[in-house]
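Trainee: I'd like to ask you about the structure that follows.
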Ligand SMILES: [Zn+2]
């Protein structure tokens, strides 16, 4: 049962249930799309888990990315189920949990590659995969109906610079006894060929360091521990010191160095506030903000708002990332500004300084061939990506009837070697998180925000005498983002007349509750303003009784 990750990139969560046992794989969040104004992020709907708390045995995490762990602080404390994660993912989850109150009782257990965990009838094993964060695993689940293989996010990097390789042997062994089901990620299923090894990026870093004469500033995702390692290696080689700018990057850096996923001589680091003592040609700044995020360290540098780093001619700024669709414009505005300040800007189109963490077609086919599952469900990706993945599976000989394209909330039933999609579904909508509020922003709040953003808002304040129900004085009108009232005197006056009329219809009797009148004002003034302006601002009637 997928709760998330089917139909979108993010908030990955898949449930497995057998008899009296229920487990989840991953518990991720997703960043909102552009229609969800002001929403910080979105998490899966935990209704089904709450209802079945008694049989919920635990959550197994594939790796430490936000779209796989980000919902844990919101879902796990209430349900109090054990969470199993690789050591790095565990450290990252604990950092996240530390930011929320009432999460001290949540227990995160670390698993090692060769561990076996029993959760009810399910026996869980792991196989190492390559991905854009260390300590990423796929999961093998022995169930009474057969073996289920879940890849998590992966690529196959045969020259992975950290020396940790995809455990193809274990997967091949599992494939010898035809597993029941393969769940495999689909993010890059449209792209032919094989991904470039992370090793090539390390070589590009060396090239870049050899050329640069001034400061080097490298921006990447905060979680790109491998890129931090490349930069540290090159810094050692070229005699530069390294500083880190950006809170989230520091968090990842600290977690990864503590666990030994980043190796460097201690003395190479320099605190951000001491960089003025280091000559330009001897300094590297690692920074967040490669996606053009507002307020990120790189954005502050580009717009002269960073207190320690002012961009100047001679600086080399490298964006070691590729734009997530939707971020292109803000990235390009940052690049423009960096150039304006005189920096040399390196990005993935003028130098190979980024490679994806998600498998291309040849790697996806390799997994299908190794596992040779009875049934196949493409996961993690929008519909079109999963369709492409389905075509790849057809190409390697999986029969069409054995491939299922699911939506969040669908239920697949496997019994006696047969599979069928049930008519029933489980609740799998989205829960929106805004600041400290979880789920309190619903469709209505969102609709109001959309109306305000598109058409502005219009507040009508009417002071009414309680006894007579009559207006005490002319209603006050406030417009924000709708019309500039000083230039729309006529419209303002006519609106006032309309409001007076609506209230006049009720005068003489003092209603117990004004909601009726408020509703009429909202509707009638809404229609009036639409006729006059073809706009639909958010209308807020306020009635004050005196
Ligand atoms: Zn990932």
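Glycine too: its Cβ is placed from the backbone N, Cα and C atoms.
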Trainee: Which candidate from 380, 384, 389 does TrEMBL annotate alongside 63, 65, 67, 68, 131, 153 at the Zn(2+) binding site?
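Mentor: The candidate from 380, 384, 389 that TrEMBL ties to Zn(2+) along with 63, 65, 67, 68, 131, 153 is 380.
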Trainee: Taking just the CA atoms, what is the gap between residue 358 (active site, proton acceptor) and residue 67 (Zn(2+) binding site) in Å?
Mentor: 14
Trainee: Checking your reading of the structure: which of the recorded positions 40, 185, 354 lie inside a 10 Å Cα sphere centred on residue 131 (Zn(2+) binding site)?
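Mentor: Those close enough: none at all.
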Trainee: Give me the sequence-ordered set of same-chain residues, not including 354, 355, 356, 357, 358, with a C-beta within 8 angstroms of the centroid of the substrate site's C-beta atoms.
Mentor: 132, 155, 195, 196, 322
Trainee: Taking just the CA atoms, what is the gap between residue 68 (Zn(2+) binding site) and residue 185 (active site, proton donor) in Å?
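Mentor: Residue 68 (Zn(2+) binding site) and residue 185 (active site, proton donor) have their Cα atoms 13 Å apart.
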Trainee: When you measure from each Cβ to the nearest atom of ligand 1, which of the recorded positions 40, 355, 356, 358, 380 fall under 6 angstroms?
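Mentor: Qualifying residues: none.
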Trainee: Taking every protein chain in this structure into account, which of the recorded positions 63, 65, 354, 358, 380 has the most other Cβ atoms within 10 Å of its Cβ?
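Mentor: Counting Cβ neighbours within 10 Å, the top one is 380.
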